[in-house]
Amino acid sequence: SKLAALFKHPLYNIPVPEVTEKDKLFIINPMEKFSLHSSGSDEWVSSSKAETLLLTGKTAYDTYPTWLKFHIGINRYELYPRQDPLLPTLLQDLATQRIVSSVQKSGGTQLKLIMTFPNYGQALFKPMKQTRDQETPIDFFYFSDFERHNAEIAAFHLDRILDFRRIPPVSGRLINITKEIRDITTDKKLAKTFFISPAGNVCFYGECSYYCSTEHALCGKPDRLEGSMAALLPDKTLAKRRSWRSPWRRSYHKSKKAEWELNPNYCAQVRETPPYDSGHRLLNLIDMTILDFLMGNMDRHHYETFEKFGNDTFLLHLDNGRGFGTHSRDELSILAPLQQCCSIKKSTYLRLQLLATQPYRLSDVLREAMAADPLAPVLAEPHLQALDRRLGKVLVAVGHCLAR
């Protein structure tokens, strides 16, 4: 296994700073057990029954479902640890747990659903809109592109291989539209949008600002639909997040250019602007830039951080559905922060060099990482080959900076 060898490499065993109580997202009461409310389902048990189900010697933490353990593990430095024993179980839960509720997520330009499991865990479902080998048409603007479910899955694995660990876990899943959405939704607006197509397939389109109409309906075969299931982060009422506008945000206009596209010395003014004038914020943003360039994602207008940790923390790499849309073209403008600032974390640079070598080739380790996903193969082969080519271009860009 190239992937196992990669994660054993010294560059993937650089210690994270010691995590103190103030570095944890949540401080939990070690005596408090997790209990489910009783309902008609066998999988829901009353608090008193949960007490009796506990084996003697079990700690309260052992009673927590995997999603809650994931939330409790988040700290200032990472969403989850490198060798996280919870990860396979969490991915399995996302792929197989029974869905008890499906409602549309508000906001955004395209249809997404929040799905709830019997143990109160929740996932963000993005449905399949395109086949794996469909490329974004060359005349499409980046902001009118479809979001791709498989891009969300691939982005999670790529982020982990780059050792960023800033994307919540994502698994593919085959959904039954009838039983797992239509029959159980309490969302009246969503419920009104279901219909049977002329081919006899179950379809729905929801309500949103762009692609929510009968022309852009999501249809099953006859009611089976692929999608990505992303573990949700803790509710914002429990763990506030701050949204930051990216300094290299695109203009989102058909003819206007952003300032960074016109001013080659743009980085100098970014470096003088908080929060980029201290700490690792700019270097973390350049990490995100490299991830986006490898995926071909031009749609990174904002990013988020956990408010509790202030400026000294990682950036959340959320919403990656517009990645992996093209494999035949490389969008070098995505690399503008790296090229203009000529800065990169040494650890990131060393790992990129490692992933360009034969024993740890990026396309090979990503292919292996995604092989266990229920929807494998997640990416068409040309996208994996494009990753190796783009990685070479990132290293060339760093080489130019070193020469300068």
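For all residues, glycine too, the Cβ spot is worked out from N, Cα and C.
Annotated ATP binding site per TrEMBL: Gln110, Lys126, Glu147, Ala230, Ala231, Leu232, Leu233, Glu304, Asp319, in sequence order. Residues within less than 8 Å, Cβ to Cβ, of Ala231 (ATP binding site) and separated from it by at least 6 positions along the same chain comprise Trp67, Phe70, Leu90, Leu94, Gly121, Ala123, Pro168, Pro169, Val170.
Counting every protein chain shown, the Cβ of Glu147 (ATP binding site) has 25 other Cβ atoms within 10 Å. Taken from TrEMBL, the feature Mn(2+) binding site covers Glu147, Asp319.
The domain 'FAM20 C-terminal' annotation in TrEMBL covers 194-403.
A simple way to gauge crowding: the CB of Asp299 (active site) has 19 other CB atoms within 10 angstroms, across all the protein chains here. Residues or ranges marked as active site by TrEMBL: Asp299.
In sequence order, His71, Ile74, Pro168, Ala239, Arg241, Leu316 make up the list of same-chain residues 6 or more apart from Leu233 (ATP binding site) whose Cβ falls under 8 Å from its Cβ. Glu147 (ATP binding site) sits 10 Å from Asp299 (active site), counting Cα to Cα. Around the Cβ of Asp319 (ATP binding site), the same chain contributes Asp299, each under 8 angstroms and 6 or more positions distant in sequence. Over the domain 'FAM20 C-terminal' (194-403), the average per-residue pLDDT in this prediction is 95.
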